[in-house]
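Worksheet: one structure, shown below.
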Amino acid sequence: MTSDDTAQPSGARRIETRPDLTAAQKDAVLALLDEAAQVDGQQAVSEQGRLQLRGGPREGVRHLLLSVGEDLVGYAQLEDNDPVEAPAAELVVHPSHRGHGHGRALGSALLAESGKRLRVWAHGGHSAARHLAQVLGLTLFRELRQMRRSLTDFDPAEPVLPEGVTVRAFVPGEDDAAWLAANAEAFAHHPEQGSLTQRDLDDRKGEPWFDPAGFFLAFRGEELVGFHWTKAHAAEQLGEVYVVGVRPGAQGGGLGKALTTIGLRHLAAQGLPTAMLYVDADNKAAVTVYERLGFVTYETDLMYRSET
């Protein structure tokens, strides 16, 4: 279906909402995202959002395509899978077509599609995105920090694991179910991460960057109690603390710090000069741990929401 069913003359703005995209539409969206990223310095749509462009329809996911004439000039993705929070969205307008109200049109369409219950990411927190949020009547409620540190001088003490805990690399296929269960427990308070499914895991295992040698699992006996999944961004020469998780029963004993150190040592050994990670600004304990490991804030992503 479309959010504007009225026939319009060539050159008029048109927004179409779809549960899935054709191959040609996916290619056009990916090209739009890449061209915008070259100008903005970061992707307007998260890794999860880009993965959701692949395969077939995704439950709870809708795609909004904004065209002018035959040209795709804007894109938004709306995901409504959180049982508590409002639907979440990301949107982008091609740099050559900004300043013509397309962002406001996409934002208004998202509000209509979501029943005016909406959360929207502004990656990098650019002033134009902040202005658009204000125009749409959205308020800031979440800050996600990207933190970085140099790995060229990274020389930590040997990580100390809690008694009875051993660490080994992830084995694809064999460890999938155990990791998904541990991830769900470790991030029960964080649905974006804790709700990952086998399909989500398979998507990531199919990415060129996936390397099980950098996916560390901590066991106490046969129980998976913690993990650190690292990610190498080869083109940017960045190593990422992709996700660190510790099951509730194993928290408080230093396992998270030990796993973080193990992963950072692995990234440094790959010759990557810089490490990065994402952490919610209001997670004071985690921010403190990372600051003690030498991380500093590099940039901040902002999430806005409607008050309806």
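Please read every residue number as a count from 1 along the shown chain.
Including glycine, each Cβ sits where the backbone N, Cα and C put it.
Over in Swiss-Prot, the protein carries these features:
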type	residues	note
REGION	1-20	region 'Disordered'
DOMAIN	15-152	domain 'N-acetyltransferase 1'
BINDING	LEU91, VAL92, VAL93	acetyl-CoA 1 binding site
DOMAIN	165-308	domain 'N-acetyltransferase 2'
BINDING	VAL244, GLY245, VAL246, GLN251, GLY252, GLY253, GLY254, LEU255, GLY256, LYS257	acetyl-CoA 2 binding site
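Taking the domain 'N-acetyltransferase 1' (15-152) as a whole, pLDDT averages 94 in the prediction. Each residue contributes its Cα atom, and for GLY254 (acetyl-CoA 2 binding site) and LEU91 (acetyl-CoA 1 binding site) those atoms are 39 Å apart. For GLY252 (acetyl-CoA 2 binding site), the spatially nearest entry among the binding-site residues LEU91, VAL92, VAL93 is LEU91, judged by CA separation. Applying an 8 A CB threshold to same-chain residues 6+ apart, the list for VAL246 (acetyl-CoA 2 binding site) reads ALA186, ALA218, VAL225, GLY226, LEU255, GLY256, LEU259. Between the listed binding-site residues, namely GLY252, GLY254, GLY256, the fewest other CB atoms within 10 angstroms of a CB are found at GLY252. Across the structure, VAL244 (acetyl-CoA 2 binding site) and LEU91 (acetyl-CoA 1 binding site) place their CA atoms 28 angstrom apart.
The DSSP secondary structure for VAL246 (acetyl-CoA 2 binding site) is strand. In terms of DSSP secondary structure, the domain 'N-acetyltransferase 2' (165-308) contains 53 helix, 48 strand, 43 coil. Helix, strand and coil residue tallies for the domain 'N-acetyltransferase 1' (15-152), in that order: 47 helix, 43 strand, 48 coil [DSSP]. Listed in chain order, the extra residues whose Cβ falls within 8 Å of the Cβ center of the acetyl-CoA 2 site residues VAL244, GLY245, VAL246, GLN251, GLY252, GLY253, GLY254, LEU255, GLY256, LYS257 are GLY226, ALA250, ALA258, LEU259.
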